[in-house]
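Working notes, beginning with the structure itself.
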Amino acid sequence: MERTFIMIKPDGVQRGLVGEVIGRFEAKGFTLVGLKLMSVSKELAEEHYDVHKERPFFGSLVEFICSSPVVAMVWEGDGVVASARKLIGATNPLSAEPGTIRGDFGVSVGRNLIHGSDAIETAQREISLWFNEKELSSWEPTAKTWLYE
């Protein structure tokens, strides 16, 4: 079963949107297999956003992610990576469709509430950065028979 990494960023935590975000993923039929509220070290933030290290916003992005707790999550389900990206919406909340998390709650690119892995390979890398295997629970929700053929 496919897995993805989702992080509710400091602005989402501070605005009290954790339950709303989790509810949307649950309503979509995905299974939560890892969850933790945590303060992010500068080293972890830099490693996570390594792909952006040459971009002018890298320093402020790292500083922002370290500024307040985040909620790190691993979700599981058929096609969860692509489906989660649609649920999250465009990076710029002003371009995000209504009904998406960013479209409904996002304010600006720099405060766009949530991060989601953009590919299966990226998800695997990010999950291993934020979680060890013992922190992930494999379980079978009873609703699964009502979601998948």
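Glycine is treated like the rest: Cβ placed from N, Cα and C.
Quick look at what Swiss-Prot lists:
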- His115: active site, pros-phosphohistidine intermediate (ACT_SITE)
- Lys9, Phe57, Arg85, Thr91, Arg102, Asn112: ATP binding site (BINDING)
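Annotation for Arg102 (ATP binding site): same-chain Cβ neighbours under 8 Å, separated by at least 6 residues, are Ile88, Gly89, Ala90, Thr91, Asn92, Pro93, Ala96, Asn112, Leu113, Ile114. Fewest other C-beta atoms within 10 Å: among the recorded positions Lys9, Arg85, His115, that description fits Arg85. Around Phe57 (ATP binding site), the same-chain residues at least 6 positions away in sequence with a Cβ under 8 Å from its Cβ are Gly110. Of the listed binding-site residues Thr91, Asn112, the Cβ environment within 10 Å is emptiest of other Cβ atoms at Thr91.
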